[in-house]
Amino acid sequence: MKNTVLSFKEAKEEGKKLSMLTAYDYSMAKIIDSCGINGILVGDSLGMVIKGDEDTLGVTVEDIIYHTRAVKKGAKNALIVGDMPFLSYHVSIEDAVRNAGRIVKEGGAHAVKLEGGATVAKQVKAIVDAQIPVMGHLGLTPQSVNAFGGFKVQGKTEEAARKLIEDAKLLEEAGAFSIVLEGVPAAIAKLITEAVSIPTIGIGAGVDCDGQILVYQDMLGMFDDFVPKFVKQYANTGKVMRDAICEYIEEVENCSFPEQKHTFKIDEEELKKLY
Ligand code: KIV
Ligand code: NA
């Protein structure tokens with residue numbers, strides 16, 4: 001079944017939970033999509049898991065377009081959301097619409113995501129007015145790492161929680177079709193989820209969000225620089241990969257790979273002519 005912004009809204013109305021994962025390339029998008037995931041985010045988390053940076057700030061619109069193109073070819077049914085990088089929607093509204101448009105037009109995304117509430121509501125409205133669906137993102141928004149003084153759970157005081165609920169309402173009013181809630185106490189995520197009619201997608205925001213999202217390297221156990229509290233490792237593919245790669249190296253060194261069946265042949269008569 002094809003996922004759309006409409007089916008996302010219907011899922012909330014029907015109480016059906018939405019599943020999302022990140023992907024950054026064709027092969028992985030194909031695997032994830034084949035499992036029946038609702039949405040794939042080409043996240044600016046690629047700054048960390050693909051580019052190896054310490055944060056997401058160095059990601060460019062070009063990076064997102066490049067990876068979205070690959071993901072688009074691998075995914076048949078998932079809603080594809082392209083992340084708007086740091087500084088691609090902060091400078092001006094015009095700039096925000098142009099960059100969102102590029103992610104859709106050149107990358108093939110069905111929607112874009114950007115971080116923030118009241119401060120970006122104008123951008124959200126302008127992008128939605130350009131017929132581009134927008135996913136909001138509140139809480140521990142990684143592009144704010146320097147402003148927050150680190151990757152810290154948000155909404156832990158009454159004032160901060162009220163602000164988050166207000167921001168969520170503003171995003172809905174501005175036309176967002178969904179909101180990611182990241183690093184927010186579960187009870188606050190529940191209040192936000194009840195306060196808006198658009199689906200909330202949680203990451204480190206408890207079970208009461210309308211859906212969940214994880215970075216695939218985290219949930220597959222491929223990225224062990226650090227494992228955040230909100231990550232569940234569903235598999236240890238890091239170990240599976242290391243074991244396979246070590247075996248390959250050993251077999252290359254002792255000549256047990258390649259075998260006959262991996263090898264191309266030339267007709268004996270043709271070969272003789274060479275000597
Ligand atoms: O960039 C990303 O992967 C994200 C998700 C973690 C929500 O923004
Ligand atoms: Na992101």
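Backbone N, Cα and C define each Cβ position, glycine as well.
Lifted from TrEMBL, the feature list:
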- E182: active site, proton acceptor (ACT_SITE)
- D44, S45, D83, K113: 3-methyl-2-oxobutanoate binding site (BINDING)
- D44, D83, E115: Mg(2+) binding site (BINDING)
Maximal Cα-Cα distance (Å) across residues annotated as binding 3-methyl-2-oxobutanoate, namely D44, S45, D83, K113:
12
Quick test of your reading of the structure: among the recorded positions K113, E115, E182, whose CB sits under 6 A from ligand 2?
none
Under 6 Å from ligand 1 by C-beta, which of these binding-site residues make it: D44, S45, D83, E115? Sequence order, please.
D44, S45, D83
For D44 (3-methyl-2-oxobutanoate binding site), the number of other Cβ atoms found within 10 Å of its own Cβ:
29
DSSP three-state assignment for D83 (3-methyl-2-oxobutanoate binding site):
strand
Going by a 10 angstroms cut-off between Cβ atoms, which of the recorded positions D83, E182 has the sparsest surroundings?
E182
At the Cα level, what's the spacing in Å between E115 (Mg(2+) binding site) and E182 (active site, proton acceptor), rounded?
10
Mind giving me a neighbour count for K113 (3-methyl-2-oxobutanoate binding site)? Other Cβ atoms within 10 Å of its Cβ, every protein chain shown.
25
Additional residues surrounding Mg(2+), by Cβ distance to the D44, D83, E115 centre under 8 Å:
G43, S45, T56, V59, M84, P85, F86, K113, L114, H137, P142, Q143
In whole Å, how far is the residue listed as 'active site, proton acceptor' from S45 (3-methyl-2-oxobutanoate binding site) when you measure between their Cα atoms?
13
